[in-house]
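Down below is the structure, laid out as structure tokens.
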Amino acid sequence: MASNLKNLSSYSTHKLPDISGKKFGIVVSEWNDSITEALYSGALDTLLRHGAKKENLYRYDVPGSFELTLGAQYLAQEEEIDAVICLGCVIQGETRHFDFICDAVAHGITEVGMKYNKPVIFGVLTPDNQQQALDRAGGKHGNKGDEAAITAIKMLGFFQS
Ligand SMILES: Nc1c(NC[C@H](O)[C@H](O)[C@H](O)CO)[nH]c(=O)[nH]c1=O
Ligand SMILES: CC(=O)[C@@H](O)COP(=O)(O)O
């Protein structure tokens with residue numbers, strides 16, 4: 001369902017797990033930092049609002065979205081980390097570089113989650129332009145960081161079920 005049909009910050013809070021003792025790794029790409037900082041703010045607010053403790057949130061920055069995979073692996077391999085949230089924004093340029101980054105980071109993040117059997121969340125915007133990014137980083141379509149955080153919470157509930 002496209003973001004213009006489902007707001008990224010609109011979600012059910014039915015049967016959310018207790019996350020007061022859960023530890024979250026958050027990997028943030030520095031590329032397009034005006035966007036990724038907004039994603040981080042949304043993710044942080046969502047985690048705290050639903051019971052996470054600030055001392056249990058571990059943020060690491062990486063240069064670009066391509067490095068999110070290695071950052072996610074660095075955190076996911078830590079036994080004490082319960083879930084990892086990856087935040088980035090890859091904006092289409094003039095070349096096919098966009099395609100290679102998006103493909104690599106989507107597959108890479110998936111592989112880390114499978115390897116360590118824990119939630120590793122793809123909170124990466126892949127817009128055509130800056131306006132589409134702004135619309136999804138706290139704009140009219142909500143905040144992808146909110147969506148990434150609530151997805152991590154719900155997947156922790158899945159693993160507890
Ligand atoms: N153009 C964007 C990039 N490019 C940088 C890559 O992610 C990577 O850091 C580089 O290729 C070195 O490995 N990254 C983004 O996150 N967003 C972009 O729009
Ligand atoms: C996604 C990118 O790496 C891209 O923004 C770089 O721009 P370009 O394709 O014009 O070199």
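Think of each number as a place in line: the chain as shown, counted from 1.
Placed from the backbone N, Cα and C atoms, the Cβ positions cover glycine too.
Residues annotated as active site, proton donor in TrEMBL: HIS97. Sequence annotations record features per position, and here TrEMBL assigns 5-amino-6-(D-ribitylamino)uracil binding site to TRP31, SER65, PHE66, GLU67, CYS89, VAL90, ILE91, PHE122. Annotation comment: TrEMBL describes GLU94, THR95, ARG136 as (2S)-2-hydroxy-3-oxobutyl phosphate binding site.
Checking the binding-site residues GLU94, THR95, ARG136 against ligand 1, not one has its Cβ under 6 Å from it. Among the binding-site residues SER65, CYS89, VAL90, PHE122, ARG136, the residues whose Cβ lies under 6 Å from any atom of ligand 2 are, in sequence order, VAL90. Each of the recorded positions HIS97, ARG136 was scored by other CB atoms within 10 A of its CB, and the lowest score goes to HIS97. Annotation note: GLU67 (5-amino-6-(D-ribitylamino)uracil binding site) sits in a helical segment as assigned by DSSP. If you measure from the Cα atom of THR95 ((2S)-2-hydroxy-3-oxobutyl phosphate binding site) to that of CYS89 (5-amino-6-(D-ribitylamino)uracil binding site), you get 16 Å.
According to DSSP, HIS97 (active site, proton donor) is assigned to a helical segment. The Cβ of VAL90 (5-amino-6-(D-ribitylamino)uracil binding site) has 25 neighbouring Cβ atoms from other residues within 10 Å, across all protein chains displayed.
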